[in-house]
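S.K.: Below: one structure in structure tokens.
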Amino acid sequence: MEWCSTTLSSPTSTHLFNFKGTKLHSTILCKNSSHPFSASSALPKSFLQINGRPVTLINARTLTRLSSGTFRTTISAEAGRQSWDFGRFIKTLYFFNGPPSPAKFFDFLVEKLSDPSPSKSVNSMRTSDIVLVAGATGGVGRRVVDILRTKGIPVRVLVRNEEKARKMLGSDVDLVVGDITKDSTLIPEYFKGVNKVINAVSVIVGPKEGDTPERAKYSQGIKFFEPEIKGDSPELVEELGMRNLIKAVKDNLELRRGKLLFGLEGNNFQQLSWGSLDDVVMGGVSESNFQIDPSGGEKGGPTGVFKGVVSTSNNGGFTSIRTKNFSEPEDLSAYDGLEFRLKGDGRRYKLVVRTSRDWDTVGYTVGFDTVKGEWQSIKLPFSSLRPIFRARTVSDAPPFDPRNVASLQARLHLLMFSKFEYDGKLNETFVEGPFELPVSSIHAYIKEPITPRYSTIFWVVFPLHFFPDMFNPLLYTFCVIFRFVHVSSAGVTRPERPGLDLSKQPPAVRLNKELGYILTFKLKAEDLLRESGIPYAIVRPCALTEEPAGADLIFDQGDNITGKISREEIARICVAALESPYASDKTFEVKSVIPFSEPFTVDPANPPPEKDYDIYFKKLKKGITGKEALQQSPIPV
């Protein structure tokens, strides 16, 4: 059998490798040494020629010409085999990795042919999500931080006053400084790794005549002082603050409609940088591309089209498209999987998702079937992805980490040198020849019903309207794993409710106008959340107290009840909603059964049992807000 030699030159060394029989023999002659370094590894049996002549030299200039598309050549194999497009091979490497260095290219070949394992270990999975608590120095906020820490959940606090926060929460607290009324202070880096947000920020209300350092007048309640807004207005804190917070965390929280990764949504067409990655990288001749058809979509709009020809010649048999590595890894931890809208051709394909930026590493993989000639939605749960490397399951690979998606790959399902899936399984739908798969969109999706794995924000707006202890200086927002839980305030719909006798309502309802329309703007904040597309729960506590948790509770809907409830109890409710699937898209009020005139105490030696808040959440209904009583009348300011 004939053989050929190829030399790869670099400023520091010359590489000579000979394709002979089934072995690759490599000699590296370093310019600083007279001793050659030799390596050998298995290579598929082949005789390589360029344009009919033996390969003798490929240097850096030649590689640059090949990768830039100015030079095209084929390498032919031994008799009975088809020509191999070496230029397309180099262009593939160039597209995904940049201009290949000859020395690195040779080292890549030696390493990949001699070592069947990934070039680097795959990224380890982070063990837990971070809960961001905004306004963490308030009455409910600091209690939420304590509960989350006790549960071992990582916490990051967003505060305006760093010194106060560290004194209250400890010097070791993970802290960032920002103000939700100023969107420029909500730096994206603050929300990296955050899948739960707890906003405990509120407008501050206090006595006009001032208060003692211990806030004695505040503790007595509104009956004993004339209130006024201290600091920023309700419009800034409640409405604008909510708007800014939603904007800042939206990319880190799951949206009901999912996150668009590719395709058309409204007037926006989200594009990805796709490139072909076919069996040419292994000596095959299959070829594919990805194009945008401006009118080929299901409803006449634009769609992507994955098309080409697949062949088993030269021991090949796969074709695929793959995105370039994302400039920043996609954090998809708030979602359950990826959903493709496509027009099937009856073949079986597979999706490969990578969490490493390396060229050749473990790909988390799942196969899927298509129906010929039909537009269909294919949902591929992250839980179905299995770690695959060179057609074999990697049993000791870490679980798929959806927070660190580096690239996506779609492949016509026939693996590299056979008509098999991974681990030797057959792909029964494989047929050589042309194929075409229109793909109109790719979304990260949330399964229904929503499960308690996802990010949630609790916005706790404290009751400024009921009796003593009702003017909490902070509005508390709690972000927990699957929805935006906004703790608002009982009474938000009452100031403009037709036929309501305000003289019989709590002070905050009667003084809504004097307090800068505080309840009106709290309601506007609720509406922003309900319209945001983020799964939510809105908690409306009655008057907050410093009493312990543990009293029996009343949950209601429609914004009608009055009473009191402890801050500790509200903090527990918020954290419980973090773990519960039953509070999604529900708005409710809550109070204790203890009359406001009676104090509530707990015997430390015999504390009440912990509550199962799901019992309450399950009885609540979606769509009830209390705004129904407004008869759709506008709320003037």
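Note that Cβ sites are derived from N, Cα and C of the backbone, with glycine treated the same way.
TrEMBL: automatically predicted annotations, no manual curation.
Okay, so TrEMBL annotates it like this:
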- 135-250: domain 'NAD(P)-binding' (DOMAIN)
- 271-438: domain 'NADH:ubiquinone oxidoreductase intermediate-associated protein 30' (DOMAIN)
- 483-581: domain 'NAD(P)-binding' (DOMAIN)
S.K.: Mind tallying the domain 'NAD(P)-binding' (135-250) by DSSP state, helix then strand then coil?
M.R.: 52 helix, 23 strand, 41 coil
S.K.: On the DSSP side of things, how many residues of the domain 'NAD(P)-binding' (483-581) fall into helix, strand and coil, could you say?
M.R.: 33 helix, 21 strand, 45 coil
S.K.: Please compute the mean pLDDT of the model over the domain 'NAD(P)-binding' (483-581).
M.R.: 90
